[in-house]
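Scroll down for the structure; my scribbles are underneath it.
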Amino acid sequence: MNLILLGPPGAGKGTQARRLEDTRGLVQLSTGDMLRAMVAEGGPLGQQAKEIMAAGKLMPDALMVEIIGERISKPDVANGFILDGFPRTVAQAEALDAMLAEKGLKLNHVIEMRVVDAVLVERVTGRYTCAKCGKGYHDSFEKPKVEGVCDSCGGTEFKRRADDNAETVTTRLGQYHQQTAPILPYYEARGVLKTVDGMADIDEVTRQIEAILA
Ligand code: AP5
Ligand code: MG
């Protein structure tokens, strides 16, 4: 099964994608995570990604299409994948359709996670992850069971994203409304668009997604 999780910054795409990896053996393909890995490696592309992400703007379509094209050609996605953060423009959606057709792959569901802008800033600025295994947490909504210790790996170091500040989030939200939201009618016209209430608590959002996949 191949899915897209679509929603604004902080909608819960990463949170739900990681759950679906665990429960359904799907592979999470997060373009944001891929770009952050490029930033960590350094080099000219990493530097470009660092600057664009820090500004809350979008990376060029051609580059993102190339990255995803390579990724979905690898054998580990055979059991299905969850696109998290891609496509982000209508041009990316069109390119994805062409790539899937070429590979004989199908898009089963595009799931829109609907959340009002007002809560997104709080979600994003409160977010942090385990530095060792990457498990996600939130200052108020998803704390580790033992304070300062990762539930998954026992790690005690945590990190926050450079673009998770109120100013950049506002730009990222603007980009979502201008560039990414126009994808919704694109998928609606193709009959694959489903919507979940991203305002509900994390477990309830998981239940709504599971109901769509069942
Ligand atoms: P990316 O990494 O994709 O960031 P984003 O889209 O802004 O989304 P986030 O990762 O911030 O949010 P999320 O929906 O994953 O939320 P999460 O589950 O963490 O992209 C970063 C940048 O890379 C972009 O700005 C752009 O520059 C570039 N980029 C990436 N892809 C690109 C592309 N295709 N084209 C061009 N440029 C691209 O949840 C957030 C927090 O809320 C967490 O702490 C979580 O615990 C909590 N939470 C989650 N769900 C709930 C809930 N239901 N109730 C309460 N709290 C919740
Ligand atoms: Mg994410």
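Using the three backbone atoms N, Cα and C, a Cβ is placed for every residue, glycine included.
Automated prediction, rather than curation, is the source of TrEMBL annotations.
Listed features, source TrEMBL:
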BINDING   Gly10, Ala11, Gly12, Lys13, Gly14, Thr15, Arg127, Ala200  ATP binding site
BINDING   Thr31, Arg36, Lys57, Leu58, Met59, Gly85, Phe86, Pro87, Arg88, Gln92, Arg161, Arg172  AMP binding site
BINDING   Cys130, Cys133, Cys150, Cys153  Zn(2+) binding site
DOMAIN    127-163  domain 'Adenylate kinase active site lid'
REGION    30-59  region 'NMP'
Among Thr15, Thr31, the most crowded of the binding-site residues [Cβ within 10 Å]: Thr15
Neighbours of Cys130, Cys133, Cys150, Cys153 excl. site residues, C-beta within 8 Å of centre, Zn(2+): Ala131, Lys132, Gly134, Lys135, Asp151, Ser152, Gly154, Gly155
Closest of Gly14, Arg127, Ala200 to Arg88 (AMP binding site), Cα positions, binding-site residues only: Gly14
Cβ contacts of Cys153 (Zn(2+) binding site) (under 8 Å, same chain, 6 or more positions away): Cys130, Lys132, Cys133, Lys135
Sequence-ordered binding-site residues from Ala11, Lys13, Gly14, Met59, Cys153, Arg161 with Cβ under 6 Å of an atom of ligand 2: Lys13, Gly14
Distance in Å spanning the most remote Cα pair of Gly10, Ala11, Gly12, Lys13, Gly14, Thr15, Arg127, Ala200, given for ATP: 17
Residues among the binding-site residues Gly12, Cys153, Arg161 that border ligand 1 - Cβ under 6 angstroms, in sequence order: Gly12
Helix, strand and coil residues within the domain 'Adenylate kinase active site lid' (127-163) as assigned by DSSP: 0 helix, 12 strand, 25 coil
Nearest of the binding-site residues (Thr31, Phe86, Cys150, Arg161) to Arg127 (ATP binding site), judged by Cα-Cα distance: Arg161
Per-region confidence, the domain 'Adenylate kinase active site lid' (127-163) (mean pLDDT, whole number): 95
Lys57 (AMP binding site): tally of other CB atoms within 10 A of its CB: 14
Arg161 (AMP binding site) versus Thr15 (ATP binding site) - Cα distance in angstrom: 15
Position of peak Cβ density within 10 Å, selected from the binding-site residues Ala11, Cys130, Cys133, Cys150, Ala200: Ala11
Among Thr31, Arg36, Lys57, Leu58, Met59, Gly85, Phe86, Pro87, Arg88, Gln92, Arg161, Arg172, the record's AMP binders - longest CA distance, Å: 25
